[in-house]
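Heads up, the thing below is written out as structure tokens.
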């Protein structure tokens, strides 16, 4: 079966971002960009399913600026077979528009498994997979920590607030990955070289009939309230005293 | 304005997170209806009817909703939600699973994790792991949003007298099936709602040591227990104890971080706590930058000493 994996180019997880002085957004000039960590887990899961013989082809799609090619190539270096870049200004697109574009890609590619990260670490929305599920009328296994394909169904163990829940979905199905699903591999140099030769198509949102922009307007972006600087205490006695008499929390 | 709130529950009791969502709904203003979708959930509907500020409770009681399968519940919420100006749910895994599906069915954009209501259609929400706060304005006819519970003080669970109406309609998409659930049992308060949280990180060394060192402290303080991702990934404790960007967001009165370095992803889940205490052997640990009090020392001796002096 075919698997489609959606990846997003985001600021690297280890970068501490700064808000622009004019409050229009965060400053991403000269900041290291990477594949969204949850999406990397989605790629890894698809590759593992291919190694098991469940999946025969992995198509990776990214929606964003031209530079998102780098993230598609990284996914190919990890084992994806082909790439689709939908070139768009992702500041103009919300999760709904992204889901609509992905719906178009799914209709064109007809994958049985659609893997996404559970959330992007920039907008922290945690919406696209669920929205795509609704648009396709497909089942969704969100926050997946285990995926088992059996015949024309997939069992997904999900991380929920109280523990774990397992659901069974008809294929085609949407799976969004949680951190514990797997440990993504590193791309070996020969695979990085090979990835350069793998096919990569470039499309536009209009190719999938999506011309709208998001109805959510970001009015301003501010830094979070600063915490007052704390103090180092030298002993347990001092700590207990501070908690009892200064902070009055115990 | 009319607001539909999706109740969070386990078919027996109404989860406290719903009270925080009703509080956010009151800030928006308007009639508040709570939808209880479940199976054998009459008691939940009765509890919801008593919640202060709620004017109506809808009870959709059917086996199709027993396990909160998103495919079924979202179809119901989208259908009922058409007549409302706002559809809200708690930003729990359940709310996050269902509401985006609702929004897409209604063909509207959605707002995740609101932390402040600036106007009926304008909200604040954290982005970049809480390193920036965005003010977002929606021009959709229906505002669909999840609410960060810790950002709104819960309304009273008693004092209301809403009517309970049954919803006859059943939405069963037939594309998903519940198999089973493993719920971690605990005598301690629920992590997201606890007044005091004691969290352990990689520094505690092992699962055995986590319990040996932190259980007595949590017991003494009546605290919930949390963990950093490192402690969860190392298998010290189950994943539902994880505090952070990808785990639970907590904002207790007192957060005690033991053996946690303080990666930005962890800070995103606890930096709105009122008082933060860090106990760490590393003087340079990033957690100290957000801590109100930090103590440099070996947690294996410091924590037992702390327990004995409380």
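Along the chain as shown, the residues are counted starting at 1.
A Cβ is built for glycine as well, from the same backbone N, Cα and C atoms used for every other residue.
Note that TrEMBL annotation is computational and uncurated.
According to DSSP, residue B:202 (FAD binding site) is assigned to a helical segment. Per TrEMBL, FAD binding site is recorded for B:202, B:228-229, B:242-246, B:259-266, B:280.
TrEMBL lists B:3-182 with the feature domain 'Electron transfer flavoprotein alpha/beta-subunit N-terminal'. Looking only at the domain 'Electron transfer flavoprotein alpha/beta-subunit N-terminal' (B:3-182), the predicted model's pLDDT averages out at 97.
Other C-beta atoms found within 10 angstroms of the C-beta of residue B:260 (FAD binding site) number 31, with every protein chain shown included. When the binding-site residues B:242, B:245, B:266 are compared by the number of other CB atoms within 10 angstroms of each CB, B:245 has the fewest. Less than 8 angstroms from a Cβ of chain A: among the binding-site residues B:242, B:245, B:260, that describes B:245. Residue density at residue B:263 (FAD binding site): 19 other Cβ atoms are found within 10 A of its Cβ, drawing on all protein chains shown.
Residues within less than 8 Å, Cβ to Cβ, of residue B:202 (FAD binding site) and separated from it by at least 6 positions along the same chain comprise B:228, B:230, B:231, B:234, B:259, B:260, B:261.
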